[in-house]
Amino acid sequence: MIKELIKSGYLLSNKKDKDLMVGLCLAVVEGLFATIPYILLYFLLIDLFANKITLAQLFYYFLSILLSIVLRIVIGTYSMPMIFIGAYKMMGQARLRIADHLRKIPIGWFSSQRSGDLASRLTADLEIIENIWSHFLGMFISTLAMPVFLSLFLVWVDWQLTLIILFSIPIALFALSISHKIMLKAAQQAADANANVQSELLDYIQGIMVIRSFGRLGPAWKKLKAALETQNKTQIVLDSKPAPWIALYGFILESGFILLMIIGTSRLISGSLSPSQFVFFLVLALPIYRQFFDLGLSSMLLNYAQKSLQRIEEVMKVVPLSEPKYTQLPIRTDIYFNNVSFIYPYNSQLTLDNISCCFPEKSFTAIVGPSGSGKSTLLQLISRLWDVNQGEILLDDININQINSDKLCSYVSSVYQDVVLFSGTIKDNILMGKTDAHDDEIITAAKLANAHEFIIQKPQNYDTPIGYGGMLLSGGERQRLSLARTLLKNAPILLIDEATSNIDCSSEVLIQQALSLLSKDKTIIMIAHRLNSIKNADNIIVMENGKIAEQGKHAELLAKNGLYAHLWLQQKALC
């Protein structure tokens, strides 16, 4: 189990830390120095029973024992910080590697995960593994080294009595293995319960406004309470169920002491064992058993770590999007869909069916159609959040699969219907588009997005905190802030997913004005809910059931009297 944890720790971090290796080696040396007082005690007993020890020799023994204790403490003082620092550095690398892996896997994987469960894997589970590396491993190795070195010395003193002392250990380990199996199952249930509590708590906090508005505080609280009670029960089972087997493990271990006394006494009477040797084995037997008992208890912690490791490995085993060995860079930003079909892993029906279309460079293309027709999926495929099942998507005649993800990301910016803002200030969120931007660039982007006017009316202007998820801003303000962030990035391709569907008319007008200024310099692809906002688009693609039903300019589509004309008349009737 320890071997698996060590191997997996290296695989997670992809790095062997020198400080950690030196610290673990020093932990072995620390265990060696812990045996020296007992070795000196053996020779002291021989001299005492022979009645030939002097005060000078006694002083020498005591001084040597004191020196070994001091050296052990000094070595421990150096080894522990080295293990801590090395473990923290290694787990820091592991966190970075996991974060890098997360940004490369298909976006749809996240939609199939509960956010609380994923947060639990990346925080609580990683913390358990970090604690094993930093606090447990060094202590375990040092504690194990002491009885191992001591047993080797005992073999030299009397191998028969050594076998009697060690005889009970393999039998005791059988009882310990049963407790491990029980705890392993309980640890899985506890980990699932903890993840469920995190998910329920997150849902409760994030949805508190909806819960209150619908008067659902009672049922929501009952659901959270049930999750907390389950967590409490699983924790009790985890701590109590293995207890009888651990007690049996300790009993079997120390029963070897009785066997030692019986056989040792008979050998002492027969004259095949000296009194000094007998006393020495009696003195050392219980400390050795105690060390093995402590090791057994400590090893129970590995069950936590093993389940945590499995949960993290499940994340790391998610297959990332493939990356080309040699990336090609497009010169123009024309986008071509050639016979593209796509199906989500959890669906049985095609979401996009044999799509072929073109988005010319520096053009404004609108995508419209009924809900569920595949509009958002089409935009996600351009950003390569998914790989297509059939066909190809070209950027300037280069398959986007042959473009490095980071490079492709530099060509594309996106504005979504559901704006994601981060806790911090207005400036912090705009800087997401370009982290090294100057204040002048930030203000220019905000002005282009028609966001500057509302920002300067805030108490601290650009340094105003916006709250969790931008909750201190209105819907229109959040959308314009998102657009400013996108404009600061200044990518040549701009993807907009129904950015004006959930905002008021005045905010929509301001955003439309910003987009009209951009359409001359960028390739814009916009999913539109309000058809009135895309009348001047260079091309309008009408989607239905995952296929392109029709496309053309506004007037051309109205003249065809097809699906677009039907949607147009529907919206006109509502206005």
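Residue numbering: from 1, along the chain as shown.
Keep in mind that glycine also has a Cβ here, set from the backbone N, Cα and C atoms.
Heads up, TrEMBL stuff is auto-annotated, nobody curated it.
Small disclaimer: the values here were computed from a predicted structure and weren't measured.
Using a Cβ-Cβ cut-off under 8 Å and counting only residues 6 or more beyond its ends in the same chain, the transmembrane segment (20-46) has close neighbours at 53, 58, 61, 64-65, 68-69, 71-72, 75-76, 78-87, 89-90, 133, 137-139, 141-146, 148-150, 153, 157, 274, 276, 279-280, 283-284, 287. Sequence annotations record features per position, and here TrEMBL assigns transmembrane segment to 20-46 (among others).
According to TrEMBL, the feature domain 'ABC transmembrane type-1' maps to 22-296.
Look at TrEMBL and you will find 58-88 (among others) tagged as transmembrane segment.
Feature annotation from TrEMBL assigns transmembrane segment to 136-155 (among others).
Under the heading transmembrane segment, TrEMBL lists 161-179 (among others).
Per TrEMBL, transmembrane segment is recorded for 246-266 (among others).
Residues annotated as transmembrane segment in TrEMBL: 278-302 (among others). Residues 1-2, 5, 38, 41-42, 45, 49, 132, 136, 139-140, 143-144, 146-147, 150-151, 154, 157-158, 161, 165, 168-169, 172-173, 176, 179-180, 183, 242, 246, 249-250, 253-254, 256-257, 260-261, 264-265, 267-268 of the same chain, all 6+ positions outside the transmembrane segment (278-302), place their C-beta atoms under 8 angstroms from a C-beta of that stretch.
Annotation comment: TrEMBL describes 335-570 as domain 'ABC transporter'.
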| note | Residues outside the transmembrane segment (161-179) whose C-beta sits under 8 Å from one of its C-beta atoms, at least 6 past its ends, are 151, 154-155, 242, 245-246, 248-250, 252-256, 259-260, 263-264, 267, 273, 277, 281, 284-285, 288-289, 292, 296, 299-300
